[in-house]
């Protein structure tokens, strides 16, 4: 069984998500809160330049730059592509990382509450998700499986992978105390879980839980000039993790006409009207409801 | 009595407030919706470059650059300072404007619902506010008096001043159908009112209405290094236009301690946790509740 020796907590991976940035500042002054007996905890502001500019990124979304091939491709030399290589040198290298586990703090403008995003069915990671949800029952499990070496998220730098905490809704570029407090609490539970894991003292957890698995992103309608012609339908706004049935209101044109969901089977929405995806005209993610097993 | 011949509808004065930007696009393709018998309507994207960059502004907040002295000061040559001069040439000149009235569309990340912001007690402008509120009773009257020539808002370019429609909450950089539809409706009522005004057919309006008058902006607490040390208190978040009494929870430090409101008389909050004011560490505006008379 894996033993965790080094944990990295990261924030500001997206520079205008200030919750994690300010938690890092707070913990630098109060390191006892993130210290545990059995492992060391380090704190890293992932994208200081984007944070300074109050932008999601300078050249590219940093949280898509951590695939092994991209890390080793020195023709990719945008700001975040270099920053990913620097973080790989600091926490990795990805093939044989120094850091065992990465907890990355994010926020969303969508009404996703506290979403626990993980990319592996590794029992330690699934156990952490179940443990945090036991402590914070309103949290939602968001499963997006990827092979660690191919995975392009920052969390995939950890030897035993990582865990992404995504809280919303909150506009970009500010702090909300409720979001700050929830994120702070969730990180505490993650660290507690890793401590219990190392001590082989993880408490009883359910054998399975309901969650959502990422299917695909959906584009907003646009005209031939590439301009938006419709928005998310108001009936869908803020309805993250609710069922979308065939024929349900999906988009609304700028003149106010409803466009129904064209799919043939029910799905569930997430990242509904996420501002960060707007420049690419992505309207939402479609998810399927699944049962997630915990195989200790 | 003033007669309105030329009306300008402006949006994207803040480049990342997309509601107005997309309404302008829509009306360009559907000009009948903003056409009225007794005046011409023109549509202007106020800050195209900031909109292209999906930022509030390039160099300065455009909606603070329209004071007469600043318009005539050619040492002020930042991007928005020049853009203000160009808009002054297009709509003004401020001392003797071509355009009679300016309707400027904004959004806020604060929970201000539909706020009708006006800077004058001119009966036409107050009448418009009362008329829109009669049609949309949830709208709030936000009064911030300024002399037109000194006033630094875009709306002050209009010969008979202008009217600012501010709708929230909405994150920066996206469209919400509900906010879009509300703004679209409010602009229709403004245009209808101007048409009735020209025809001397304004319907019966109340002789007074409750509203809020701007008092001052309040800074968030910071340390000697200029870093935030506290956030808006969660009890105050989203409580725009609610009373704040002496001793009420006001800020919350990063460690979770409550800082009470230090004032000695009750006030009302607005622009509570507005993301656009965060770089200047402004936490909210304080308002007083007032009775606004309509003296036709």
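Here the Cβ of each residue, glycine as well, is placed from N, Cα and C on the backbone.
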Same-site Zn(2+) binder from A:106, A:138, A:189, given that TrEMBL records A:14, A:17
A:106
As a whole number of Å, the Cα atom of residue A:166 (active site, proton donor/acceptor) is distant from the Cα atom of residue A:106 (Zn(2+) binding site) by 5
Least crowded of the recorded positions A:17, A:166, counting other Cβ atoms within 10 Å of each Cβ, is A:166
Using the CB centroid of A:14, A:17, A:106 as the Zn(2+) site centre, which other residues of the same chain sit with their CB within 8 A?
A:11, A:12, A:13, A:16, A:19, A:20, A:56, A:63, A:105, A:107, A:108, A:166, A:276
With an 8 Å cut-off on Cβ-Cβ distance and a minimum sequence separation of at least 6, pull the same-chain contacts of residue A:14 (Zn(2+) binding site), or say none.
A:47, A:50, A:56, A:57, A:61, A:62, A:63, A:106, A:276
When the domain 'AstE/AspA barrel-sandwich hybrid' (A:210-289) is classified with DSSP, how many of its residues are helical, how many are strand and how many are coil?
3 helix, 37 strand, 40 coil
